[in-house]
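One structure below.
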Amino acid sequence: MNKSNTAIDPTNVIEAGPDSSVADVQQKSWKDYLVLAKQGIVTSNLITTFAGIYLAIVYTGTVFTMHLDTMIFALLGAALVMAGGCTLNNYIDRDIDHLMERTKERPTVTGRFSAKHVLLVGLAQAALGIIFLALTTPTAAVIGLIGLFIYVVLYTMWTKRTTTLNTIVGSFSGAVPPLIGWAAIDGGLHLYAWLLFFIMFLWQPPHFLALAMKRVEEYRAAGIPMLPVVAGFEMTKRQMVVYVAALLPVSLMLYPFGLVYTIVAAVLGVGWLALGIAGFKMKDDIKWARLMFVYSLNYLTILFVLMVIVHF
């Protein structure tokens, strides 16, 4: 991989060097934009957005093919809003990202993009996303805007650097993707839409606290008051188990989705709770945090994909 510090702004293509090509520079540029947008976060959240869309179609008694344009607008809008929020997060955190191993290669740290460029890209993505959501229903656009405000202002600009409650605040914004998806089809928001929201809300603290445990020294160096940094691992474990325990009955409230869903949700939930409780006896806290982190990713993916499958 080329480790050159040469800027890859399109205006600097000529200066890229004799061994570079326009295609190489463009490829790097697109990769950098994907890093700014936090592609992994956007992709995983689009799964939950699609689940919200599909379930709304099912429970409004309409036909999937009638909503193809709405689905495209909703997915594109949600993706852009999330990408915009993540890009703005990169812009705001550019002064501390160099202190953390997992963020030190972001384009805002390496200088591949100027701060002004990143700010403009983030604002443009967010604005376009809200416009696309508005083409579905006003409710979807409002929810997207609220989620964006919570993530960028209340989380990134305020609580992330000031309180251990940052994870809870961020969980509100992280829980809106399925709500956006449902609202794009049905602005009235069925009870099931809110249950999807609460599942996402309760899932996020144990997921991100596991990450915080894994990266505790990096967060400490960056001065970010994550719970493991401020209160230690034991308190963090207790809070993680509380959220996992609360998530189990909420996920089972969707028992009308059928026996297969109910059984799988119960097994997934009990398994995660058992792993959480096992953490109080494991000697290697970091290993346990890794297991919890991986389990959380599998839990979310399996649960939301299953919600769609059982309704085919």
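From the backbone N, Cα and C atoms, a Cβ is placed for every residue, glycine too.
Per Swiss-Prot, SER29 and PHE64 occupy opposite sides of the membrane [differing topological domain names].
Residues 229-247 are the range that Swiss-Prot records as transmembrane segment, among 191-209, 229-247.
The topological domain 'Cytoplasmic' (89-110): residue composition by secondary structure is 14 helix, 0 strand, 8 coil, according to DSSP. Ranking 70-88, 139-157, 229-247, 260-275 by CB pairs under 8 A with the transmembrane segment (297-307) puts 260-275 at the top.
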